[in-house]
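As written in TrEMBL, here are the features:
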{"type": "BINDING", "residues": "155, 157, 158, 159", "note": "ATP binding site"}
{"type": "DOMAIN", "residues": "144-275", "note": "domain 'AAA+ ATPase'"}
{"type": "DOMAIN", "residues": "359-428", "note": "domain 'Chromosomal replication initiator DnaA C-terminal'"}
{"type": "REGION", "residues": "1-94", "note": "region 'Domain I, interacts with DnaA modulators'"}
{"type": "REGION", "residues": "331-452", "note": "region 'Domain IV, binds dsDNA'"}
Ligand SMILES: Nc1ncnc2c1ncn2[C@@H]1O[C@H](COP(=O)(O)OP(=O)(O)OP(=O)(O)O)[C@@H](O)[C@H]1O
């Protein structure tokens with residue numbers, strides 16, 4: 001504990017080197033941050049009052065950097081929270097009960113993506129019902145429908161809607177405790193608590209999950225069948241539900257189609273409301289593309305949107321990926337966005353048979369999204385630790401899922417030499433033999449790439 005405080009400057013310097021921060025980023029955002037406290041394995045960092053406007057930005061951008069740096073230096077896992085210096089100074093002793101601070105801490109702990117809000121969600125015929133059910137739950141958590149069970153195919157907006165509910169609840173009442181987790185995070189935390197054999201750790205896990213007002217668990221199908229995780233989830237569900245706390249689950253199928261789902265889960269999932277999201281129709285696809293283009297500083301003609309919306313039908317993640325690829329192609333090659341250029345840019349994605357194909361690019365996109373980084377980071381030369389693992393996972397998955405040579409995988413990942421690819425594949429192959437969390441993570445990614 002002392003170590004963190006005494007070595008605060010060293011921690012910041014290490015973070016700066018580890019993540020290759022430019023002088024301007026370091027001096028603006030990281031250097032002014034001071035140490036506040038460590039309590040229950042949570043390191044609280046103070047943001048100067050004159051940077052109050054940047055609180056969200058700093059915490060979304062630098063939280064994981066601090067978490068990794070401190071946890072690695074201390075050889076122990078810490079969580080990170082941020083507070084404003086003014087909130088601390090206004091009432092030192094009761095900092096945790098100051099509304100401003102509680103809001104910040106609750107917001108940080110909720111694990112929400114700032115981009116996924118109701119106002120960035122395009123409502124169409126395919127998702128109207130799920131959208132209005134989500135809004136009703138957000139307006140009256142624990143009262144309207146409990147649990148809310150959202151289901152639909154990959155990339156159709158379930159996660160986006162779940163985060164929107166979380167944001168809405170916190171915007172309405174900053175004192176509420178909201179927690180979004182993927183099933184993978186939940187599973188890994190259960191595994192970690194059990195493996196540690198430490199009762200205090202298990203209690204901490206239970207306290208974390210059983211004291212929230214709104215719990216959002218994404219892709220719950222990955223919990224089903226994992227014995228101890230499913231047991232823990234069952235008890236969490238019961239405790240929260242009987243206390244009138246809101247539970248929101250997402251899955252790729254309705255409860256009745258989850259083959260290995262036990263009756264006790266099926267009946268509970270059906271207590272509240274089940275809402276599906278279907279693939280978007282043409283109008284919704286066009287509206288989503290246009291919403292994406294709102295921040296682009298040039299006009300994109302209607303035929304471009306039409307080409308993308310006509311050819312990519314069943315997955316909004318892929319629709320957005322195609323749009324991003326077009327913008328990147330035009331910037332990198334310094335060419336206008338004409339229909340011919342768009343066809344060239346998307347030739348790997350929009351194939352003549354137009355069916356969903358597993359390609360290196362799809363693997364890169366899904367892995368990048370899973371780790372919250374950009375596809376460009378995966379194919380870049382940067383060796384930061386946050387990019388190396390996703391890159392190696394891409395190499396491994398390309399080998400497992402595609403019939404491609406090592407040279408061709410190296411090319412897709414922008415590597416000159418295929419020995420790096422061999423090393424990446426070997427590393428993951430070895431690591432998954434002993435690292436259950438990594439294996440679980442790769443299973444989840446694989447199912448997202450190829451749900452069949
Ligand atoms: N209706 C919508 N309006 C705007 N963006 C959308 C909409 N639906 C989905 N998206 C965008 O599509 C991408 C994929 O959506 P999301 O991650 O929510 O899908 P998902 O259903 O959770 O997929 P998976 O089951 O693979 O996890 C996100 O970037 C999301 O913002």
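Any Cβ shown, glycine's included, is placed from N, Cα and C.
No curator has checked TrEMBL annotations; they are predicted automatically.
Overlay of TrEMBL annotations on the structure.
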residue : record           : Cβ contacts under 8 Å, 6 or more apart
155     : ATP binding site : 315, 316, 317, 318
157     : ATP binding site : 121, 127, 130, 277, 316
158     : ATP binding site : 130, 150, 151, 152, 218, 250, 277
159     : ATP binding site : 113, 116, 218, 250
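Residue counts for the domain 'AAA+ ATPase' (144-275) by DSSP state, with H, G and I taken as helix and E and B as strand, are 70 helix, 24 strand, 38 coil. Summarised by DSSP class, the composition of the region 'Domain I, interacts with DnaA modulators' (1-94) is 56 helix, 18 strand, 20 coil. Residues in the region 'Domain IV, binds dsDNA' (331-452) partition by DSSP class (helix H, G, I; strand E, B; coil) as 82 helix, 0 strand, 40 coil. Predicted-model confidence for the region 'Domain I, interacts with DnaA modulators' (1-94) is 83, expressed as mean pLDDT. Other than 155, 157, 158, 159, the residues of this chain whose Cβ falls within 8 Å of the Cβ centroid of the ATP site are, in sequence order, 152, 154, 156, 160, 161, 250, 277, 316, 317.
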